[in-house]
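Chemist: Here's the feature list from TrEMBL:
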BINDING   L105, T106, F133, P134, S135, D136, D222, H225, Y247, W278, N306  pyridoxal 5'-phosphate binding site
MOD_RES   K248  N6-(pyridoxal phosphate)lysine
Amino acid sequence: MIFENTLEFARQLDSQDLLNKYQEEFIFPQVNGKKVIYFTGNSLGLQPKRTKSYVDEVMDDWANLAVEGHFYSQKPWWDYHERFAQPLSKIVGALPSEVTVMNTLTVNLHLLMVSFYRPTKSRYKIICEEKAFPSDQYMFQSQVDFHSHYLGIKLEDTIVEIKRREGEHNIRVEDVLAKIEEVGDELALVLIGGVNYYTGQVFDMKTITAAGQKVGAYVGWDLAHAAGNVRLELHDWNVDFAAWCSYKYMNSGPGNASGCFIHENHHNNSELPRFAGWWGHNKERRFKMEQTFDPIHGADGWQISNLPILSLAPYLASVALFDEIGMDAIIQKRDRITSYLEFILQEIDKEVDSSFEIITPSHVLERGSQLSVLLHGEGRSLFDYLMKNGVITDWREPNVIRLAPVPLYTSYTDMYEFGQILKTGILNKRQL
Ligand SMILES: *Cc1c(COP(=O)(O)O)cnc(C)c1O
């Protein structure tokens, strides 16, 4: 499609957009009495209007039923999480028995590493991406520390980072595959962010998973920036495990509950250790308070505690919305609106003779709903200008803004208007 940088053209795209009406489903903050252009759904998604009723329902049931709510609520709490299995499994491409919701993301990755990172003296290395999200880096380091005292392994020999080539912003899949080959028999685990949080690069999860498993390692994915954003076929890709948070593209509120995937290949494997708790115990026998742990068959068997219903409620509201719309429609709009934003950036770049550099891959299969833009020569003051003018973006040192035109609630008109505000901001600054 040939794009145009005009309001009329943007409005025309909006009028053809089947998801346009879903903006109405969300609550937008206001700046100067006008709803903001929200580009940070990759960090904290907007609140869906329906969420409050899901939370109110739990509050009301708690008020009216107290302890009886476990069994007699409108959605009984004791198996509340089971309502996620169907819709969530569709979002991540899994069997219902392969997904569960619990805890928060880093906690879940730690718990999954308990099962899937079982280093020995000869096979102990972890492959991850260079400059992984800090929480992931701390997790890797502390996991290695945890095992080092009996294995005598050293951090610097254990964590193998895939580097970017000199002068390149993204990691080449061929370099990941070559590193996997090179580490070979010593490789215990590959664990990478499916979508890089900084650049928005989407990894070829299918190919990397197969390559890691071929040398005898487990392969897991941190899907913080992938769930609800990109096409996932975790079951078919034979991914061993994965986890994601629900507050980014999944719009379920600050710090909210995580989701996990554990491939059915592992559901019967009693060799895999796990940290157990009563919510992972055989459901029929849970309240018999038996001494021996008998795990639920499936991902639910990794649950530990009874679930925080007040945080699952907004997550359930969000998953229902995704289920109504479906990932196909989301991905279709995502590709078009991201390309439109890319076009707008290029046009403005020409008009103001600036030098933006989009560091996110340009190929649609290698990116989701995010463009990371290096603003050569434009400082943080531009970001502040955007904020004051109702454009919420996210600033990363040294000078990158990340823009996520989330398909559920951003419009083509937003992209056009953003371009105009950006242009004015740059020109104003030059006049000072
Ligand atoms: C957002 C994000 C996290 C956040 O972890 P929490 O445990 O939810 O605080 C972790 N890893 C990646 C890659 C992220 O993008």
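Glycine residues also receive a Cβ, built from the backbone N, Cα and C atoms like all the rest.
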Chemist: In sequence order, which residues at least six apart in the same chain have a CB under 8 Å from the CB of N306 (pyridoxal 5'-phosphate binding site)?
Modeler: W77, W78, W278, W279
Chemist: Fill in the CA-CA distance, L105 (pyridoxal 5'-phosphate binding site) to K248 (N6-(pyridoxal phosphate)lysine), as an integer in Å.
Modeler: 11
Chemist: How big is the Cα-to-Cα gap, in Å, between S135 (pyridoxal 5'-phosphate binding site) and K248 (N6-(pyridoxal phosphate)lysine)?
Modeler: 16
Chemist: If you draw a 10 Å sphere on the Cβ of the residue listed as 'N6-(pyridoxal phosphate)lysine', how many other Cβ atoms land inside?
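Modeler: Looking across every protein chain shown, the total is 27.
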Chemist: Taking only same-chain residues 6+ apart in sequence, whose CB is under 8 Å from that of Y247 (pyridoxal 5'-phosphate binding site), what do you get?
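Modeler: Expected: L44, G45, G253, P254, G255, N256.
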Chemist: With the Cβ atom as the reference point and anything under 6 Å counting, tell me which of the binding-site residues (L105, D222, Y247, N306) are near ligand 1.
Modeler: L105, D222
Chemist: Just to verify a number: CA distance, D222 (pyridoxal 5'-phosphate binding site) to K248 (N6-(pyridoxal phosphate)lysine), in angstrom, no decimals.
Modeler: 13
Chemist: Considering all pairs of residues in L105, T106, F133, P134, S135, D136, D222, H225, Y247, W278, N306, annotated in the record as contacting pyridoxal 5'-phosphate, what is the maximal C-alpha distance expressed in whole angstrom?
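Modeler: Output for pyridoxal 5'-phosphate binders L105, T106, F133, P134, S135, D136, D222, H225, Y247, W278, N306: max Cα distance 31 Å.
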